[in-house]
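Trainee: The active site, charge relay system feature in Swiss-Prot is assigned to THR58, TYR121; the stated evidence is similarity to another entry. Per Swiss-Prot, active site, proton donor is recorded for TYR147. Among the features that Swiss-Prot reports, active site, schiff-base intermediate with substrate is placed at LYS175.
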Amino acid sequence: MPTHAPAPGSGDPLGLHGVVPPVVTAFDADESLDADTTADHARMVVDAGVHGVFPLGTNGEFPLLTPSERDRVVTAVVDEVGGEVPVIAGVGAPSTRQTVAHAEHAASVGADGVVVVTPFYYPLDGTAAVEHYRRVAAAVDCPVYVYHIPSKTGNELSLETLAALAEIDTLAGVKDSSKDVPWLGQAVDAHPELTFLAGSDSLLAPGLDVGCAGLVSAVANVAPELVVGLYEAYDEGDRERARARQSTVYEVRAALKRGPYMAGVKAALGLRGFDAGPLRSPLRGLDDDDRAALEADLADLGLL
């Protein structure tokens, strides 16, 4: 358990903390699912020292997968690294019915917890959001974590709604990607029973400063050793070294943002010797110029 870094929530049975990458979903050249390589990526980051894995987050391209493909991803990752670190599986969908189905499957194959993104496309009020999470929590016998990313879902959770969600017995934490530091700080202060996970590479060390126990980092998909080093420095009480690592994370994050949305992570993995295949359409990869620039950036940062 952490020494100087924030502790997980008192009501979190998994005690989630540390670095929890939102692992990638690998595809073959024709964009068909490559479950084996998906599992290999989870293995890669676990062997690098991360503290948990989160399949089927944004980096896992979950909205672009069929329901059966999503189930295969969770099974593959649990089979590969389950029992070594917590596996918290993304199960969110626009409908409560589909979310429950994904959650039931994840729990049945051994996922340690489920991550439920707020439903998207249709706007929801707080009452609907709370009922959604209640129904998911009632369907599975494992902890449930809220994934709060209003920039993608269009649905922001108020602090009042979060307070109502916290009354759900098995709701154990929040992965916050809102980048709203005042909201996050107030949420952490109000709910010591919940584990909070900082969900943006722009706010890893700052997230720890406001009380987040864990870090869900896209950069950790590419350079897990960098983000693990940041967390370990912080937990050892070496804030100066942790902030220096955060500065490097900022530079890596900027490099990964070259070109089309989310193309940088898989391209960087390929440059570092791990081929996760293409993004699934309509997402597209880097062109030759952007790939060359990314390669130069990573080399300058000592990652190649």
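Using the three backbone atoms N, Cα and C, a Cβ is placed for every residue, glycine included.
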Trainee: In whole Å, note down how far the CA of TYR121 (active site, charge relay system) lies from the CA of THR58 (active site, charge relay system).
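Mentor: If we compare the Cα positions of THR58 (active site, charge relay system) and TYR121 (active site, charge relay system), the gap is 16 Å.
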Trainee: Under a three-state reading of DSSP, tell me whether the residue listed as 'active site, proton donor' is helix, strand or coil.
Mentor: strand
Trainee: How big is the gap, in Å, between the Cα of LYS175 (active site, schiff-base intermediate with substrate) and that of the residue listed as 'active site, proton donor', rounded to a whole number?
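Mentor: A Cα-Cα distance of 5 Å.
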Trainee: Which has the fewest other Cβ atoms within 10 Å: TYR121, TYR147, the active-site residues listed?
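Mentor: Taking TYR121, TYR147 as the active-site residues, the minimal 10 Å Cβ count falls on TYR121.
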Trainee: Quick check for the class: what is the C-alpha distance, in angstrom and rounded, between the residue listed as 'active site, proton donor' and TYR121 (active site, charge relay system)?
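Mentor: Answer for this pair: 15 Å between alpha carbons.
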